[in-house]
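Before anything else, here's the structure in question.
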Amino acid sequence: MRIEMKNISKAFNGNPVLKNAQFMIETGEVHALMGENGAGKSTLMKILTGVYKRDGGTITIDGQERTFKNAKEAEEYGIAFIHQELNILPNLTVAENMFLGKELMYGKTGILRTRQMNAIAQQQLAELGLHVKGAMLAGELSVGQQQIIEIAKALMTNASVIIMDEPTAALTDREIETLFTVINKLRKEGVSFVYISHRMEEIFSICDAITILRDGEYVGKRSIPETSFDEVVSMMVGRSIGERYPERNSQISDVIFEMRNGTKKGKFENVSFQVRKGEILGVAGLMGAGRTDIMKSIFGYEPLDSGQIFINGQEVKIDSPIDAIRQRIAFITEDRKSEGLVLDFSIRENLALPNLESLSKGSVLSNELEQQFTADMMKLLNVKASSGEQAVKSLSGGNQQKVVIAKWLGIHPQLLILDEPTRGVDVGAKKEIYSIMNKLTEEGDAVIMVSSELPEVLGMSDRVLVIHEGKVGGILEKDEASQESIMALATGGE
């Protein structure tokens, strides 16, 4: 299937989002669609699949002009869209999610062919390297496993074109390798992939070509063998952003945080490590190793069953997030939309949530203090929005992440825990988040950064804590850390 989109325009409430955008993909091609958050990538694909109606321009498929009325019509034609936000119903089984709307039944009885659906689901997932029971509840799976279910659902529609919006954001390196194997197999069979991602290494590894949008406009198209990382970044942001990871200039001094023999039954055991003032401690490991569980215990979401926590040399009890906040510990979770933000609230309201005490006069929330705090934080973190009253659900991924970080900066954290801080964030916003981390450590605070992106771990960390199956696999100094040494420890080696 060959698709060509020409001069596509779209505005929301009079604000242009796409201006004469273009995109073309050939049969069997893996084509990256890149641009900063808010560049119009997802909007362009939603126009292709009938989610949005275009204001202008043409779409031709195999030489015939076409317009889809809705996503179902596009899917029936052979175009599937796997969105960044997972479309998984946690209370349904794996098989029920995969067959939703396409259930197998015994004739017209309405009775489901459950055993057959379970078997097909298991087979499809096994081909993607995921071995789970079709009868298992989807909510019991990790985010990465749920992402693979989404991919399998798209493959089950016999799609000729599969649009993937940040498909690997929650996948481990092994799962990504499995996905790429599947993509390479399908491209040989004539299936095309639109690959929306901010992960440069992946794009240069799996894609044939790149189309770049900036501020809703078409910037250009490049063949992968004929371009470079620097050229793509420059085309995306309209300028050179310099080194990918900013230089670290902080002075590392005394131990600010220590966990001794921390244990949470069924999650992790006998975990011991320290973090020092001015330090960024990277935390690496395979998905399900227990990295996030350890961070949740530090913040009091899931208190330790046994073990000790020390802050500045003093033992403290952290049995709830309130206890953690009193110790000036902040935690930015991996799932900003369900755990880090109230999407229907404004930027101002989200920023105020953990800072009600400092923004109040007496027992009354001060509108003046709230407005000033919002303005200061938006300026400090370069949050791009019309005003502090804009709903966070309407912000790009990068700006949403900045709001999450901003609200916690209000407590002046001495320890900031970041779980997958740049997931789904464009290269420009990533650089800004890295700069915020550096600024905190230069002021003598400490950062723990959990990340599945090994280049990020290596580029930003002073030391790397590697977790393997709920235990400390090892701790690497900066000059010892490499992708190979981290993966060796993460998989149980030495």
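Here the Cβ of each residue, glycine as well, is placed from N, Cα and C on the backbone.
Feature table excerpt (Swiss-Prot):
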BINDING   GLY35, GLU36, ASN37, GLY38, ALA39, GLY40, LYS41, SER42  ATP binding site
DOMAIN    3-240  domain 'ABC transporter 1'
DOMAIN    250-494  domain 'ABC transporter 2'
Does DSSP put GLY40 (ATP binding site) in a helix, in a strand, or in coil?
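Looking at the DSSP assignment, GLY40 (ATP binding site) belongs to neither helix nor strand, so coil.
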Quick check on the binding-site residues: of ASN37, SER42, whose CB has the lowest count of neighbouring CB atoms inside 10 Å?
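ASN37, out of the binding-site residues ASN37, SER42, has the fewest neighbouring Cβ atoms within 10 Å.
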Please work out the mean pLDDT for the residues of the domain 'ABC transporter 2' (250-494).
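The predicted confidence over the domain 'ABC transporter 2' (250-494), as a mean pLDDT, is 92.
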Tell me, by DSSP, whether GLY35 (ATP binding site) is helix, strand or coil?
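Once the DSSP labels are grouped into three classes, GLY35 (ATP binding site) ends up as coil.
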Excluding GLY35, GLU36, ASN37, GLY38, ALA39, GLY40, LYS41, SER42, please set out which residues of the same chain place their CB within 8 Å of the center of the CB atoms of the ATP site, keeping sequence order.
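In sequence order, the nearby non-listed residues are THR43, LEU213, SER396, ASP426.
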